[in-house]
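*Asks:* Quick paste from Swiss-Prot:
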- 1-19: signal peptide (SIGNAL)
- 45-326: domain 'GH10' (DOMAIN)
- 155: active site, proton donor (ACT_SITE)
- 263: active site, nucleophile (ACT_SITE)
- 281-287: disulfide bond (DISULFID)
């Protein structure tokens with residue numbers, strides 16, 4: 001194992017164009033180390049602007065093996081008005097991933113947030129069903145064969161484990177889940193189909209229990225759910241990282257073929273906390289990978305909490321080095 005001590009140097013990224021820098025980064029790729037332990041990927045999120053940032057892009061290219069579009073594949077970005085699709089941002093990420101041999105997790109097809117008003121205003125069941133089907137089919141067929149997995153539905157549960165109140169549940173009840181997954185399976189039969197949510201960080205929490213119960217029921221009914229994604233946004237006042245393994249084990253108990261940590265960030269980014277989550281995934285056989293929600297703290301949605309593996313100057317933190325050393 002090549003350790004990553006060199007990444008601690010304050011001059012590491014002084015010349016990102018240098019092939020020597022890229023070589024050193026690649027020799028200590030967190031993705032390569034994780035895959036060597038039998039997992040599919042260790043990835044991050046990005047989009048066009050970040051991939052055109054040379055400092056950010058060099059790290060993505062050298063150190064991560066999977067990309068999730070942070071915003072470019074959400075409904076408001078792809079279909080802002082009915083039947084009018086805008087693929088520029090999503091195409092950029094998909095093309096980058098193909099060129100650089102990165103897996104892609106598509107994110108996300110059906111979500112109550114970042115949803116155009118024209119969708120939110122639908123009240124007719126048949127209309128909403130057709131809108132969901134057309135949206136999913138159009139997007140998934142465009143990227144068929146390029147997207148390893150899709151977050152088909154995202155954040156559909158309340159904290160008590162019941163279905164979230166949204167236009168989808170209001171108009172269609174829980175049947176929108178079946179509609180979405182069946183449409184997705186038909187559009188790209190080889191893509192892994194996920195249900196994704198946050199606060200699934202304790203096996204004993206009501207939301208986790210609700211997810212487990214509903215997914216078991218839907219699987220028994222033949223809904224083609226392949227995986228459960230746990231976003232894993234950890235904060236100082238939230239769930240302890242010590243519950244990660246138990247939570248992933250509970251999610252895996254539903255019978256899905258895969259579980260994954262899909263949007264990991266940890267307030268303070270301590271080495272111990274990151275290692276706890278990495279070890280949790282390593283210890284749960286069906287946990288296929290980890291995606292951290294960004295590269296540098298500078299670009300994080302929680303930048304003030306310094307939650308990522310690279311600081312605001314694109315320097316690898318102790319947590320990154322600790323993971324490499326442990327692997």
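A Cβ is built for glycine as well, from the same backbone N, Cα and C atoms used for every other residue.
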*Asks:* Tell me the coarse DSSP state (helix, strand, coil) of residue 287 (disulfide bond).
*Replies:* strand
*Asks:* Whole-number Å distance between the CA of the residue listed as 'active site, proton donor' and the CA of residue 281 (disulfide bond)?
*Replies:* 21
*Asks:* Would you count the other C-beta atoms found within 10 angstroms of the C-beta of residue 155 (active site, proton donor) for me?
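*Replies:* Counting Cβ neighbours of residue 155 (active site, proton donor) within 10 Å gives 19.
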*Asks:* Measure from the Cβ of residue 287 (disulfide bond) and count the other Cβ atoms within 10 Å, all protein chains considered.
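*Replies:* So the number of other Cβ atoms within 10 Å of residue 287 (disulfide bond) is 24.
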*Asks:* Across the domain 'GH10' (45-326), what does the pLDDT come to on average, as a whole number?
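*Replies:* A mean pLDDT of 98 is what the model gives the domain 'GH10' (45-326).
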*Asks:* Measuring CB to CB from residue 281 (disulfide bond), give everything in the same chain under 8 Å that is also at least six residues away in sequence.
*Replies:* 39, 244, 248, 260, 261, 287, 289, 290
*Asks:* So for residue 263 (active site, nucleophile), how many other CB atoms are inside 10 Å of its CB?
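*Replies:* The Cβ of residue 263 (active site, nucleophile) has 24 Cβ neighbours within 10 Å.
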*Asks:* In the three-state scheme derived from DSSP, which category covers residue 263 (active site, nucleophile)?
*Replies:* strand
*Asks:* Three states by DSSP: which one describes residue 281 (disulfide bond)?
*Replies:* helix
